[in-house]
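Beneath this line is the structure, given in structure tokens, with notes to follow.
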Amino acid sequence: ESNLEVTGIDFLKSQNTQQHHTDGYNIKNLVVRRGQAFHVQVSLNRELRAADKLSLRFGIGENPVKDKGTLLSLKPEQEDFNGWKISVVKKNGKECLLSVTSSPNAVVGKYNLHVKTGANMYKPENGVIYLLFNPWCEDDVVYMANEAQRKEYVLNDTGYIYVGSAYSIYDRPWNYGQFEEFVLDACMYLLDKSKLSLTDRRDPANVSRAMSALVNANDDSGVLLGNWSGNYINGTSPMDWIGSVTILQKYYKTKKPVRYGQCWVFAGVLNTVMRCLGVPSRCVSTFDAAHDTEENLRVDVYLNERGEKLNSLSLDSVWNFHVWNDAWMKRTDLPEGFHGWQAIDSTPQEQSQGRFQCGPCPVKAVREGDVYLPYDSKFVYAEVNADRVYWVVKKVNGKDKYFKVGTETQAIGKKISTKAVGQNRREDITREYKYPEGSKEERMSMQRAYSFIRPSGMVPRSGYASTIQTLSGSTQPLVPKEPVTKTGLHLEITNTEPLHPGNPLEMTITVKTSTPGNWTVDLTGSCQLQYYTGKVQANLGTIKETVKLEGTSEMQIPMKIAPDAYMKTLSSLEDEVLILVTAIAEVKETNDKLTKETSMRFQYPPITVQMPETAKLYNDFSCAFIFKNKLNVTLENCKLLVEGLGIFKMTTFDQGDIMPGRIMKSEIICTPTKLGEKKIIAKLISNQIKGISTEKAITIT
């Protein structure tokens, strides 16, 4: 009788990948998810008999061995081996159809498959199988029950990242592109590079923590080099990316950090990596996010006597927005009650256990004030819950003295946002991170958090500690309240005209009082340009007025900045800037003080995309991008960046200068290579404006 030999193996890629929701991956190999059966068809030199020895061997890592669970030798109808099992579905002459089910907590990564028959070992071509986390499998810790959520958080390869300021949020379309060529291989390379043991690679908590470290280049020459300096000469400006694909492809090709990223780029790339590996994830934007370096739940802001914010003194900062990610999983390492969304952050802000990594931190722990739980929950809690304290620095006898002019207890961690499931709109998820301001639950959560974090007393902590005046009676009450003043003093800052570059910036500061009496209010107002990290780039103007108010009344003080005061700065900066308006009000009669700040973004004319609503696979269609410069200024060095996943690779068009009133039109011929709804993203960048984005969907049939 001839020895049994394997003559071929068919991985039945199209049926397996459809069942495993992995048919999108642009890769020759079979990609499947753990804990779910897949089929392989084995061709033999003769019929399989009962006495024959046939086994499938799956090996992972450098040196697969059985007793470490990194070499799995599976025989049909045998009891399972480390949670894996294999069975014969049907035999048909020399063909044998086998079903393989991996363990729902199998190591995630690349497995080599060999088939052993007696003494013969068969090594198939493309015999490397990629095994991913499985949100469709109830026994996998990343299981997500809702199909619409799985579609959004695992399978959607485009989305929006919310940026701007709490006063004016806008959406930045982003291509995650987790199914594009080399992206999965880049993620597998990161897993190997992470130095996680194979056992650690079973658990998404370990994997997401490692990925938060590897998406930034600090410590480990990871994917992206952060740069907030404003100088991006030898790389790509963070504003110029419109998706993760180019970044991950370039990194995989060169194995060197890609230049440059800022928080939304880090979050966009980490989101791609997590979705690619099969962990449900979303980008989360927090407006007015505290970067509290000392974990004392306080961020100090220093102003000069003109009410202008000073960069040099602050160790802490409040970012207009900060973007991180939530990844979905059961936390088997924590007590019950902390399953679900976990915050992870790959922007290099603070070291955690000696590396720039952050999370996973249970979002429920942030809400409940359980800030002793791993990982980094104190830092995340402070990002959304710190107080903001304003100090005016005055020269007294030649020395700097600090005067407190306001405390805001509800200004940090506002409008926490992510893309809604299945819809192109913003969803506010603040309630998942925090109880409503002023509620009983919020007070209890805060008391709990404060028992683990020691908030400091009310002393300014600038870089010049020696000049500090200690303010008596400064210990912080356990539950700080918004200060209610004797006059019911209230400030509001709004813009009265659209904030178009090249036009005057017209704003109004409204001063209100609401208690009986005659009040004299000294108002100081300033307007500055700042980066989203809170760093001031230019002082544009200040006002000083004395307002007389009686009882319940209000007065509007206009503030106008001429284009000449800011256009030069705007054109010379590489980053997008926001308009920061700060107002300080002091009531003469009662010595009440109040400070308020608002950041606003510039407003731009739109780009429109013209193309058919549907197109046929592999049939060319034309797509036109049209932009009319409705501003009063020439836009210099315009670049149009476009990308459509499954349609065309990222392309840059140089458009030169676009004069006021002129229309730019660019056309591209597209050949769709994938079915379904596809999106085209376009972004226009010039010296004066740093990103007008748009997107348009097309259905490929």
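Backbone N, Cα and C define each Cβ position, glycine as well.
Annotations in TrEMBL come from automatic prediction, not curation.
Per TrEMBL, these features apply:
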- 255-348: domain 'Transglutaminase-like' (DOMAIN)
- C263: active site (ACT_SITE)
- H322: active site (ACT_SITE)
- D345: active site (ACT_SITE)
- N385, D387, E437, E442: Ca(2+) binding site (BINDING)
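The Ca(2+) site is set by N385, D387, E437, E442; from the centre of their CB atoms, other residues of the chain with a CB within 8 Å are T409, Q410, I412, G413, K434, M446. Each of the recorded positions D345, D387, E437, E442 was ranked by the number of other C-beta atoms within 10 Å, and first place falls to D345. In terms of Cα spacing, the recorded positions H322, D345, N385, E442 that come within 10 Å of C263 (active site) are H322, D345. Neighbour list (H322 (active site), Cβ cut-off 8 Å, at least 6 residues apart, same chain): C263, S285, T286, A289, H291, T347, E383. With DSSP classes pooled into helix, strand and coil, the tally for the domain 'Transglutaminase-like' (255-348) is 15 helix, 40 strand, 39 coil.
Note: N385 (Ca(2+) binding site) has non-local neighbours A290, L297, I412, G413, K434, M446, A449, i.e. same-chain residues 6+ apart with C-beta under 8 A of its own C-beta. Summed and averaged per residue, pLDDT over the domain 'Transglutaminase-like' (255-348) gives 94. D345 (active site) and D387 (Ca(2+) binding site) are 22 Å apart (CA-CA, integer value). On the backbone, the CA of D345 (active site) and the CA of E437 (Ca(2+) binding site) stand 25 Å apart.
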